[in-house]
Amino acid sequence: LPSPLPGHDLATIVHHSIVDSSAVVFNILLLIAVILRSPSSLRSYKVLLINSAIIDLLSSFTMLMSMVRIIPVRHVVAYVYDGPCAYVSGIFCHCLYTILLATLSQSLFLIALSFFYRLYILGRPSPSNKVMFLVCLIFSLPNLIIVTTFMFTLDDPSEVRAQLSELRPEYDLDDYLVEGHASIFNVKTMFTILAMTMPIGPTVILILIVRGKVLTFQSMLPIFFSGAVGSYALCQFDIVCSPVQEHFVFECVSFMAFFAPMITLYCMIPYKE
């Protein structure tokens, strides 16, 4: 990292240090509460809660370790790392980033699944633990594909820097660890981008529809994901972008793993007690 550190980098380091570390603590507390204090009436919903807590824990931990700033512009996507992973290697940072993307997407799917679960059990018996585990596994398949494909999509960092210097000549990134894609127009990279951005619209619409029957604070969580996707799109299409906006993509989405366990701990009486 450069010295002195630019203000936008310092702000994002402070943000992730506070929000992500707090999210790690809250998700660990939620895991303990669900495992030790779940009443028998919750039954299979416990499987969903454990799954969600583990996914959000992984999300917040990988975000804390990477503190990634994404620079999407036209056909290029670059990743600049401010987190501790930068002192290990670019490959290590990219592995963390890949897990981060998969867990963020999975967290969104699990929020939607929790709505449909609560709607399903209105007037019906709860599904068995095995059925609930199988459903969670099926919902995780797209993100397992992301982990197994996107992990091996990095281009030569010097090529990424060369492309970025043409498109963003005002950026001085010489003292940063930079990884990324000189062109997003290959199957693996494009699949990941579409898998991360396309589901948010239909998912939010479905949640809002179901929310009319199962009211919950969780319906607000996808707003943070929507803000991140919107900010990313504005940069990728080169409409409007800035370093602050590039940091904002993951600063915004980090609130999902932060608020999700707090909502569950506060709204579900056995865990609140």
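Heads up, the Cβ atoms here are built off N, Cα and C, so glycines get one too.
Note: TrEMBL annotation is automatic and uncurated.
Remember, it's a predicted structure, so these values are computed and weren't measured experimentally.
The domain 'G-protein coupled receptors family 1 profile' feature in TrEMBL is assigned to 26-273. Annotation source TrEMBL lists transmembrane segment at 13-36, 48-71, 91-119, 131-154, 190-209, 221-242, 248-269.
On the 0 to 100 pLDDT scale, the domain 'G-protein coupled receptors family 1 profile' (26-273) averages 87 in the predicted structure. Ranked by Cβ pairs under 8 Å to the transmembrane segment (248-269), the stretches 48-71, 91-119, 221-242 are led by 221-242.
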